[in-house]
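Taken straight from Swiss-Prot:
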type	residues	note
ACT_SITE	153	active site, nucleophile
ACT_SITE	155	active site, proton donor
BINDING	153, 155, 161, 189, 377, 385	IMP binding site
BINDING	153, 155, 409	Mg(2+) binding site
């Protein structure tokens, strides 16, 4: 009998962002009807310019209409009728928006950067819509309440996969600029180290530049924190430490129901996950090592080898299924995440519906995040990035989700651990450290224009 997991894997519905795909489909109609692929560029320059102008107007009208639908969806959420908006009927997987999104204005900006309306052979793409949504989110943050906290993923967001944040990285001056503006900065990474030295090795370039920066005050330096293991270890900047970081005890930042998680249950869940991982290693003959940590367990390839995507996804799905069917897994809600599968998301949301202001439920619960943080390994972590971002908000005095931006690259593919941050803050979806630099420069431009 075909299982639900195998069907979902085959359909790959969890590899699509439904809102982006829906908007992309709307934009395909004017592209098909108004593009002129047979026109000769030199002979029809005037005609092509007119067509580009007309196409821009039609695209802009679509984004204006979608913006109105988003505003209507937000109004329904505020009135307690989130499931009854027209957008929810059109895109059932659409989630919570913490700010308005200025889509029309964002499209005008990105069209000037990417010349979307002038293209005759390539329709508006997934990446076009993704970047327009990023711009719309930045505009929403600056237009409304302002920005108080920016959190970043590590790999592929601040530095290349498996690399370190070196002193010559162009992202460092942008982070320094955020701190100078009084904006708090958190680095929320899947790397689960219990000591400062490992994080210093990864972030040495940034930490040393901060120490030597004469235009940073001590108060501004203290606005940088590092959350490791998704949501398990917090470190703050400390210039007096040899590694520029100091461990923050859990009781100083743990939030709500996280304090109710029993060590016995955590150990039992990780034991089950480890057993399942070892079974996968044997069954698939994986050339990997098993690593058990305080609040995580996972597998990674030996000798810097590579695993196929199918091997990684099979391992993730097997472990997710095993933990879910265990006694402790059925007793305590958890999140076993492998991309944007409707089942995984709905299972999480049944226990943790998105809220504009987070309020921990009365009953204790526990979450597990099963991810591929580096793209070539599988780790089971207690908690996920929604808890990591919330803990950062709590540490800085309770910053509202509508004043928080999480920047990350993993919102779609298997092991997309940044996806959960959408439950705790606004988000920007980037694809490389270079895009992070562009995003922060765009934010600075918007802040100056609207100041």
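Using N, Cα and C of the backbone, Cβ positions are placed for all residues, glycine too.
Least crowded of the recorded positions (155, 161, 377, 409), judged by neighbouring Cβ atoms within 10 Å of its own Cβ: 161.
Taking the Cα of residue 377 (IMP binding site) as the reference point, the closest of the recorded positions 153, 155, 409 is 155. Residue 385 (IMP binding site) has 153 as its nearest neighbour among the recorded positions 153, 155, 409, going by CA to CA distance. Within 10 Å (C-alpha to C-alpha) of residue 161 (IMP binding site) lie the following recorded positions from 153, 155, 409: 155. Ranking the recorded positions 153, 189, 385 by C-beta neighbours within 10 Å puts 385 at the top. Taken residue by residue with DSSP, residue 385 (IMP binding site) is part of a helix. Take the Cα of residue 189 (IMP binding site) and measure to each of the recorded positions 153, 155, 409: the nearest one is 153. A separation of roughly 7 Å, to the nearest angstrom, links the Cα atoms of the residue listed as 'active site, nucleophile' and residue 409 (Mg(2+) binding site). Straight-line distance linking the Cα atoms of residue 155 (active site, proton donor) and residue 409 (Mg(2+) binding site), rounded to a whole number, equals 8 Å. In the three-state DSSP assignment, the secondary structure recorded for residue 377 (IMP binding site) is coil.
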